[in-house]
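Taken from TrEMBL as is:
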- 101-441: domain 'Novel STAND NTPase 1' (DOMAIN)
- 632-655: repeat 'WD' (REPEAT)
- 667-701: repeat 'WD' (REPEAT)
- 755-788: repeat 'WD' (REPEAT)
- 806-832: repeat 'WD' (REPEAT)
- 842-875: repeat 'WD' (REPEAT)
- 971-1004: repeat 'WD' (REPEAT)
- 1063-1104: repeat 'WD' (REPEAT)
- 496-515: transmembrane segment (TRANSMEM)
């Protein structure tokens, strides 16, 4: 018999009345038991009973489930619930304002020190600076938090009495005694904006300087907006006092933001949901002037809190930062005088770049683009004070790009005349170019461009700044002058027509001269623009490779000079990453097979094919995906997708046809926001974790009829992830621990163990492919690797330490590599086959990285960041670039295999140069110093050191690589330190060069042994290079130190070698040497920074051909191309490419730079267009500019837009290098 419900309390309470009406609804439905209701609602009987208990307002999802199960009117009850919730939020706000944890848009004062967090490091820096200097300047952009640091940070922490003031219109009127105190002069810029008496300004500054030099030890701090820095430089005494006495206030780091978000709530006994912290940090990290808006959004969230928890649902209900920005913008606009409204409109239009089929974005503006009149200055100040704009030393920009999307008034302005807006952008940039060229007439608008601009300006004269008006007028005047001059010329021609036959020759000459002069002017303009574009491309190379490469190609085609040629080759040298841009905020990504799902902060959930990771293809957008929020889950077979809705439900989708997703059913049951979702390997189970402190296991084998099976308690859940076999569930918590649960019986989960060891919140776990290892990541800046082969007794294996919070980690499909990513904006790679070894990181993101992982085929690393981008990086090319310590390398026949040698020896398949595949890694000694391939390319010889310091040994090894995937060691012997090797053309003789001078000749007719070598006495210098001529009769060796020569030996009979001749440089010690394929030309690099070329066709009488100078340091490595016409030379971090068509007059064709370390080796592929260059890793460079251009157009997406073109090529007609 069912138990009677607890009687409700007094009837005046809105929650009690709400509960009473729910009970009445159940009675009207026939009085079903809560067990019966549970079977219909998908919630437990206890949850439904609690909903009608009258203790607290139930969640909306539970209310809807209750009403639906009782056959009630759902829309009516939803409206009723929202009305009650709003009333409770208002009541909370009224009763709790005395204990507000956040200030909203209000400024911090000294009395707010107890709730001022996140700037501890900066306050400590400022305090330390004041211990050293008597006067200190604190500089920062508007909205950066200078005043808060001074008022709520420095002032309360000072051991001295504090006097805080602002200059105002008459700064000398305040005459309070401040001797021996800490005088803080905040908003020092008022001295220039409000005080108009130059003498009073100077006197005030002199008084401050005197205070900072008095006998009482007075300290003075100036808080100054960065755009007024130049004003301070006008006072010599202030400049001297502030030298080495400045503190800069920049945006908070992600760690500081987290502290500023979480600690005020903790202080008042509240907690902030981890998902909310993540969202706020994503929206605000690195953004200027965001702190007041974050505080405003948090205050509104706090007013809507559930109990003591600030939730993501409450944040969204409050409208988040977007709503805060829009409300602030509208309030400021309305409060301004009507005359200022036009100024506001023009400022925001100038600060917005219209998208070309993409979203509009913010645009940084140089202050000189705006007029310097009082009205504009006043409006800029008001907008900056409201944290809508950021003003720094010379620029203006919108505080957050979300303002463009969230403020309806600005959206309307942008929609009114988009074409006119583009014309204005082009006109502004053309004006900048005109002024940068000292108002040269050649850069003025003419013809159609002038006509269109003048026509638009006539319609919107108020939009033009004074500079732009002058530019446009100058163009009109120049056109009028040219027209008048044309008329005069016509009249003169009519008078002189009788003399035309006499002057014909002179006229032709004049025309030719004029055309030539015009062409010269055009060429000079093109060169200037191309050089500008090369600089722009270099700055974008990591963050936006697609745009960077297109700019490089456009610059080369516009002006094919040495700088643009080298810039083009450099643009494609580093591993290429595909970059996808999304709306602001968090971008969630899940992968399965060749599909990728993205969900951005505007709730657009898209399905992509990444079969070609360089060109992702959009297949579909989920219908109704605006309701999606939070995590996603993708089944391993790519057929099922789970998305999280606003109403605490998980929505299932059928992606059997990814171009036509089918919505199946919503899985309900959670009472608060869903924080985690994951499918088991077979796709039959779905684990969902929620802020309601449970992980629910649901049978979704029939996606149309999900069945709840079991629950796991999770007091402080972060994520829940299935093991590869689906038998275990790893649950990470914000209490610094992770738990392993046995879910082989989903209705009765069993906790197997707890993993502890992190020192802060744990984040996302990741399983190795075999399920025997687990990675956990944390705010403590580490990722820990665990052995969980026995889930009841997990063992820590290693800790991967990084410079910042680690948000995500993942294994490669082979389990050999691990990727981690976090707040340091880098994806870090680790080889975990043995002791963890960190590989060179991936850069390119410009903000915190929230997630990273390998695609299921292991070919691509995907990462998503708060910078609004998803990057896809090919692993093959990356692996080659990560081959550290490359000392030597060689291509096999036809360039299909590359052998790299350094810290190890690896063989790479080079069929696709953009995706090299590692075929094999040779086991053996630690450091390889030289390699050589036999003529038949079936044998590899290498010299290596065992890494045991000075006392270690060198070995000479021979490997059979006829099967490059399974090399076999056939012979090995100990040798003296060895730095060069070479096979004779018949493969029967092998030469080795050593550090004490001798060259040794080995009979290697038997591949299984090294016979006793013959020794060539060549002096006491290290033999750096060896080479046989194609006929096998001559062996060449290069030596350094006192020998410093290239020696030629007759080895026709290897048993009786004889010295033929010696080639010496003009000075310095020789390093490496190279021999052309035809055996006629020798190139050798010297420490005297020259490359020497000799003709050795007559080996007894070699002839010096040329000396190539201009190298930054001694020339270390050289390589001839397959035809002998190409030569590559390296010096320090530069590689130069030469054309030797005329070997007596070599021509430099390219200079390759940008290497992170000294170049250790260069090798040509047999196509003659590809160079493998070893530095900190291995990079493949194309030396054919046209081929590089073709590759850019094949890979680079999206194409360059008109706006991007105009920024780099102002005034030049839009001509995308790869088409639009």
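Even glycines carry a Cβ here, placed using N, Cα and C.
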Determine which residues of the chain contact the repeat 'WD' (1063-1104) at the Cβ level, with the cut-off under 8 Å and only residues 6 or more beyond its ends counted.
1021, 1024-1025, 1027, 1029-1031, 1034, 1036-1041, 1044-1048, 1110-1120, 1122-1124, 1127, 1129, 1131, 1140, 1143, 1146
Among 667-701, 806-832, 842-875, the most Cβ pairs under 8 Å with the repeat 'WD' (755-788) come from 806-832
Residues in the repeat 'WD' (632-655) per DSSP class, helix first, strand next, coil last, are 0 helix, 14 strand, 10 coil
Cβ contacts the repeat 'WD' (806-832)/the repeat 'WD' (667-701), at least three under 8 Å, sequence gap 6 or more
no
Quickly jot the same-chain residues contacting the repeat 'WD' (842-875) by Cβ under 8 Å, restricted to those at least six beyond its ends, or write none.
254, 278, 281-283, 285-286, 542-543, 545, 575-589, 591-594, 596, 598, 600, 610, 613-614, 616, 636, 764, 766, 804-805, 807-814, 817, 819-823, 825-829, 914-915
Reported in the order helix, strand, coil, what are the DSSP residue counts of the repeat 'WD' (1063-1104)?
0 helix, 20 strand, 22 coil
Which sequence-distant residues neighbour the repeat 'WD' (667-701)? Criterion: at least 6 residues beyond either end, Cβ under 8 Å.
41-44, 47, 58-59, 61-62, 65, 273-275, 306, 309, 311-313, 630-637, 639-640, 642, 644, 648-652, 707-722, 724-726, 729, 731, 743, 746-747, 749
Quick check on the repeat 'WD' (755-788): DSSP residue counts for helix, strand, coil, in that order please.
0 helix, 16 strand, 18 coil
Helix, strand, coil: count each for the residues of the repeat 'WD' (842-875), based on DSSP.
1 helix, 19 strand, 14 coil
For the repeat 'WD' (806-832), what is the mean per-residue pLDDT, to the nearest integer?
91
Taking DSSP H, G, I as helix and E, B as strand, the repeat 'WD' (806-832) contains 0 helix, 17 strand, 10 coil
